Amino acid sequence: AVQLVFTDAEKAEFKFGFKSKDGDNSITAKELGEFLESAGKSFSEEQLAQMISDVDTDKSGTIEFSEMLMGIAEKMMKWTWKKSHFQKAFDDMDKDGNGVLSPEELHLAMSTRIEPPMSKEAIDAIIAKADCDGDGKINRKEFVKLIKSS
């Protein structure tokens with residue numbers, strides 16, 4: 001289960017980074033832009049307005065601290081959901097349950113679950129690309145990295 005309640009320490013850490021220039025405890029698109037620029041990121045006014053709109057539940061045109069916490073929680077939920085789906089897909093392919101996908105397991109999955117089935121050469125190329133530790137198999141970390149890169 002995903003924990004949507006932040007500890008007091010987490011809230012304090014978030015609050016430290018959540019600073020409004022005028023001290024009103026809300027951040028405008030302009031303040032958000034200035035903060036992001038100080039971190040080396042640059043966005044257009046339209047992009048900043050969209051970022052504000054995405055988490056501005058009271059439609060005030062600014063982000064309050066509580067809205068920022070909810071926005072972070074929502075992103076964490078989405079990430080956790082994706083991660084759990086990656087894990088399920090990996091577990092479905094890992095027939096012997098040893099925590100790595102062998103070439104045989106990957107070939108079985110890619111030749112029976114995908115239309116048209118992938119060739120052995122294409123699957124070998126995927127393994128070569130994803131196999132960071134050179135053991136000829138794909139572990140969970142390599143699998144997630146492969147999925148995210150495709």
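From the backbone N, Cα and C atoms, a Cβ is placed for every residue, glycine too.
Features of the protein shown, as given by Swiss-Prot:
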BINDING   D22, D24, S26, T28  Ca(2+) 1 binding site
BINDING   D56, D58, S60, T62, E67  Ca(2+) 2 binding site
BINDING   D94, D96, N98, E105  Ca(2+) 3 binding site
BINDING   D131, D133, D135, K137, E142  Ca(2+) 4 binding site
DOMAIN    7-42  domain 'EF-hand 1'
DOMAIN    43-78  domain 'EF-hand 2'
DOMAIN    81-116  domain 'EF-hand 3'
DOMAIN    118-150  domain 'EF-hand 4'
MOD_RES   A1  N-acetylalanine
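A Cβ distance under 8 Å defines the sequence-distant neighbours of the domain 'EF-hand 3' (81-116), meaning residues of its chain 6+ beyond its ends; these are 122-124, 126-127, 135-140, 143-144, 147. When DSSP labels each residue, the domain 'EF-hand 3' (81-116) comes out as 23 helix, 2 strand, 11 coil, counted as helix, strand and coil in that order. Taking Cβ-Cβ distances under 8 Å and a sequence gap of 6 or more within the same chain, the neighbours of D131 (Ca(2+) 4 binding site) are K137, I138, E142. Sorting the domain 'EF-hand 4' (118-150) by DSSP state (H, G, I as helix; E, B as strand; all else coil) yields 21 helix, 2 strand, 10 coil.
Using CA atoms as reference points, the binding-site residues D24, T28, D96, D133, D135 were checked against D56 (Ca(2+) 2 binding site), and the closest is T28.
A helical conformation is recorded for E67 (Ca(2+) 2 binding site) in the three-state DSSP classification. Comparing the binding-site residues D58, D94, E105 on other C-beta atoms within 10 angstroms of each C-beta gives the minimum for D58. Between the C-alpha atoms of S60 (Ca(2+) 2 binding site) and T28 (Ca(2+) 1 binding site), the distance comes to 10 Å. In sequence order, S26, I27, T28, I52, D56 constitute the residues six or more apart from T62 (Ca(2+) 2 binding site) in its chain with CB-CB distances below 8 Å. Among the binding-site residues listed here, namely D96, N98, E105, D133, D133 has its C-alpha nearest to that of D22 (Ca(2+) 1 binding site). Ranking the binding-site residues S26, N98 by other CB atoms within 10 A of the CB puts N98 at the bottom.
In this structure the C-alpha atoms belonging to E105 (Ca(2+) 3 binding site) and D135 (Ca(2+) 4 binding site) are separated by 15 Å.
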